[in-house]
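Right, one structure below, let's go through it.
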Amino acid sequence: ELGVERRFVPESCPRAVRPGDFVRYHYLGAFPDGTRFDSSYDRGSTFNVFVGKGQLIAGMDQALVGMCVNERRFVKIPPQLAYGTEGVPGVIPPNAVLHFDVLLIDLWNSEDEVQVQTYFKPEKCPRTVQVSDFVRYHYNGTFLDGTLFDSSHNRMRTYDTYVGIGWLIPGMDQGLLGMCVGEKRIITIPPFLAYGEDGDGKEIPGQASLVFDVVLLDLHNPKDGIAIENQLVPESCERRSQTGDFLRYHYNGTLLDGTLFDSSYSRNRTYDTYVGKGYVIAGMDEGLLGVCTGEKRRIIIPPHLGYGEEGRGKIPGSAVLVFDIHVVDFHNPQDSVSITVNYKPSNCTVLSKKGDYLKYHYNASLLDGTLLDSTHSLGKTYNIVLGSGQVVLGMDMGLQNMCVGERRTVVIPPHLGYGEDGVEGEVPGSAVLVFDIELLELVSGLPEGYMFVWNGEVSPNLFEEIDQNHDGEVLLEEFSEYIRTQVDTGKGKLAPGFDFEKIVQNMFTNQDRDGNGKVTAEEFKLKDQEGKEEHDEL
């Protein structure tokens, strides 16, 4: 009788051989005395055959039924179920009992279809693979017995392809349909949907079932545009970005599977760029339009609007990009200073002008509300001469025509503030600044071009009054003492907000025309006298 000994049975046996199945197996054939007469191992290829269709000796046809892949059986076949009384001349004698050590490698049926087993699926699956989509995935490819024949992991590069248009074997085209990014599935493909009778000519033999353990990393369609998911939109949004605006924003850049490839936060600096002018990838150019300051949004960019087939740096080719952005501020190069009056006293007749000496409090912040500086925290006012270049140009503009007690908010674009460089450690480059200002004191300045004026009539003997020792020459000490006396007695007024010594030195230098440190009567002239002489000369 036929003898079957099951020497090894795998723990998992999802399928057993039935008549009509196609099998691939290795075997050793020997006589009872141990003499070997045949071996598939010696030929370096499995024995491939249909079971139960008369293509095998009867004993083997029976012995293979019920076997699992990776099962090993020791089979004793009597001659009446083998080669009978005739044998095989030169190989198997008549009436020979045959022993076979059989290891089943592969098993399939012509009625089989692609089998898909999903063993991980993300909670969120906004999109699944459809025909004509382009996918990037990793895989391990094995035979049914677990032998590895290929792996994208070993190459450290995803397999990138279109689905459903014939770029893949038919079974993989089917097995990838319906997958989510991040999903993991096992796809089992019968040979007639894989590499068929001939194999691939390299690693995959003919008639081999293939098992692919796949994780989908990326998915897009060539017809895709960008996708925008609003995560946070401020309640107050007075202005939205337009083409030509300059934006400062933070971002985290990831691939669809969540792999981080870049982050402005890690550099502790915003990304600053013009929008709609090609300074960034096309998808970002589009995704940054229409944002508010303080807005957070997710921008999903297909590769044809990102870095294309080649990729860049840590970004692989054909990768979908996901940017989570936070808009810090934006402006337009055509912007001027924006002034909002928050409070104005009823008596507001004296307005600030160029040359006035101002004392004011301020809170300075960025557009996103980040506090930069505050005079309140210092416990003292900020004091300037308006229009003298002591503050940024935007502040000089924002303090014009203001009355004591008035409060206003002044928004200053960077080209009227601290420009592209900012102030290291204090003000970021290209930052829009917001000043909340309260004017506390105003001292009217002198007419433009004057550092000192008389409050009354000018003495006709002015030079003689300044020349105290009457030697016909005025030194700096004499000049300084005389000017101080005029200011102290109210006869004259210096431009407010400037250092007395510097003003006097400047006035004296203007009079000392030959630069010898002394002023003579011939050199000495009042400002209106200088103007007349210049007019006459002209």
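Every residue, even glycine, has its Cβ placed from backbone N, Cα and C.
What TrEMBL says about this protein:
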DOMAIN    20-108  domain 'PPIase FKBP-type'
DOMAIN    132-220  domain 'PPIase FKBP-type'
DOMAIN    244-331  domain 'PPIase FKBP-type'
DOMAIN    355-443  domain 'PPIase FKBP-type'
DOMAIN    454-489  domain 'EF-hand'
DOMAIN    499-534  domain 'EF-hand'
DSSP assigns the residues of the domain 'PPIase FKBP-type' (355-443) as 13 helix, 37 strand, 39 coil
For the domain 'EF-hand' (454-489), the averaged pLDDT of the predicted model is 84
Across the domain 'PPIase FKBP-type' (244-331), DSSP yields 13 helix, 37 strand, 38 coil
Taking DSSP helix as H, G and I and strand as E and B, the domain 'EF-hand' (454-489) has 18 helix, 3 strand, 15 coil
